[in-house]
Amino acid sequence: MSNHRFPPATGHHSQHIGRGMSQAILPNQEVDLKEFTAISRASGEDSDVLDENDLDRRTNANALTKLLTTWGVESRGIHPVPEHKRTDTQYHKIFFIWFACNLNALSFSAGTLGPLVFGLGVKTSCLVILFFTFLCSLPPAYLATWGPRLGLRQMVQARYSFGYFGVIVPCILNLVNMVGFCILNCILGGQTLASVADGNFSWSVGIVIIAMISLLVSFCGYNVLNWYERLAWFPVLVVYLVALGVGGKHLYDVPPTQPVTPAGILSFASVVAGFVITYSPLASDFTSYYRPDAPSWRIFSYTFFGLSIPIITVQCLGATAAATAPYVPSWEAHSGTAGDLVLAMLGPVGNFGKFLTVILALSVTANIATTFYSISLNIQVFVPKLLVVPRYIFSIVATAIVLPVAIAGSHRFYDTLTNFLSLIGYWASAYVVIVLLEHILFRRCDFSKYDLKVWNVPQLLPSGVAAIAAGVLSLALVIPCMDQIWFVGPIAERGAGDIGFEVAFALTGLLYIPFRAFEIRIRGRL
């Protein structure tokens, strides 16, 4: 039977061959019957029902899954959200997802790197934060608008650029990125909790508390996560307002401790870019339940300002406080960690200040819970056979990975933060330009050119060779432009600073265009 072949499809669009196969087979393309049968099973119009039933049949925890679902726990993983389930019209929720994620202690710590690590003054640090946060908030804000149109999680959507197997590469990098952020947040939250306890418990205990709260929220999934994020930001805002109220008189534009160089500015810019642009591979994870006709401008605006407002304000506060601390004796004596510095700023309000510092420590749970949620989705993209495992299981897996590493690395926080944020911007920059060029240049911003029925069919997705080749070959110029503690490239060494982020974006884009055009010409389809 496998020797029989279907006749070529004719006309501008693919014919409807079998149930729900529109646009799965392109003009003048023949498909083997065995392959077609496999595709039909994977891509029928009722694939959502089939996938859910398959999940029930093949999951050992049927009863538990059904019970948790009745309690509001989300079990859906990376299966596309069908149109009839894309019903959420509360579009403002995406604003609070990103706002709560970034109105936290880690944003404050990232801002302190400008004066502490790169020797920048307050004004220069704040200008870098302002410009690069606005610039790097654009890609995740735009990608978030794709969620309602396609119902796809971000890394699943990337299969239409990187291919079914090729997407595993950015998926691994994204997992490392997200786990790294969770580790940093756990460390910072644990340290801040311990700073309030006056030595009554260790950083490790604080890290465990932070991780467990984050696990609980991410385990429950979409609805509980949105509810938590809509509440979590307000107490943290109070903390920063009180800190400004009692400590603001000490804040001023401290001049840089050393001459400002372009290298220092660009290196700090790389840190800020790495902090923001790495939200791009998560962007549509939180918008895929919105109505397909959701106004794109609203999704874009909510995401853009949800990211930029807290990052700019809190990082600028961190930069100013860190630069001012040496001139305020009570701050200087307690500036070992970001938590200590905030506690010192809140010193005039006594025990109430300690209470506020506890709230600040817990603020990182909003970021960790959101990241755990995306980790649980990325694991299924990384290992597709795990599709049948309920999503919430992977929140537990993520916690099991993050917790011991955070405890082990808690005593090298600032070195880890600087190296990590600088490094992750490179791959995220390459990822963003590939996905954007695929959508804008090759698919003409037309969402109908994404055949959702083949989201899980390797043969009908791009090969991914063009995307992987462009990303890998760009390293030839990115590496010489790197400026890290453990490596300084020859171009960066000549005073250019760390421009690997910018080079990765430009060169990957220049390579991807001809590579992808050649791939389409050879394959005869997108």
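Using N, Cα and C of the backbone, Cβ positions are placed for all residues, glycine too.
Given the structure is predicted, the values throughout are model-derived calculations rather than measurements.
As recorded in TrEMBL:
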TRANSMEM  94-114  transmembrane segment
TRANSMEM  120-143  transmembrane segment
TRANSMEM  164-190  transmembrane segment
TRANSMEM  202-224  transmembrane segment
TRANSMEM  231-248  transmembrane segment
TRANSMEM  260-279  transmembrane segment
TRANSMEM  299-323  transmembrane segment
TRANSMEM  355-375  transmembrane segment
TRANSMEM  387-408  transmembrane segment
TRANSMEM  420-442  transmembrane segment
TRANSMEM  454-479  transmembrane segment
TRANSMEM  499-518  transmembrane segment
The transmembrane segment (299-323) vs the transmembrane segment (260-279): 3 or more CB pairs under 8 Å
yes
So, does the transmembrane segment (164-190) come close enough to the transmembrane segment (120-143) to give 3+ Cβ pairs below 8 Å, pairs being at least 6 apart in sequence?
no
When each of 164-190, 231-248, 260-279, 387-408 is checked against the transmembrane segment (420-442) for Cβ pairs under 8 Å, which one has the most?
260-279
Taking contact to mean three or more C-beta pairs under 8 angstroms, with sequence separation of 6 or more, is the transmembrane segment (387-408) in contact with the transmembrane segment (164-190)?
yes
Okay, the transmembrane segment (94-114) and the transmembrane segment (454-479): do they have at least three CB pairs under 8 Å, pairs separated by 6 or more?
no
By a Cβ-Cβ criterion of under 8 Å, what residues six or more beyond either terminus of the transmembrane segment (231-248) are in contact with it?
96, 99-100, 103-104, 310, 313-314, 317, 321, 331, 342, 345-349, 353, 356-357, 359-360, 363, 365-366
Using Cβ atoms and a strict cutoff of less than 8 Å, what residues sit near the transmembrane segment (94-114) while being 6 or more residues removed from its termini?
120, 124-125, 128-129, 144, 181, 184-185, 188-189, 192, 225-226, 228-230, 232-233, 236-237, 240, 268, 271-272, 275, 279, 286-287, 290, 299, 302-303, 305-307, 309-311, 314-319, 321-323, 338-339, 341-342, 360-361, 363-364, 366-367, 370, 413-414, 417-418, 421
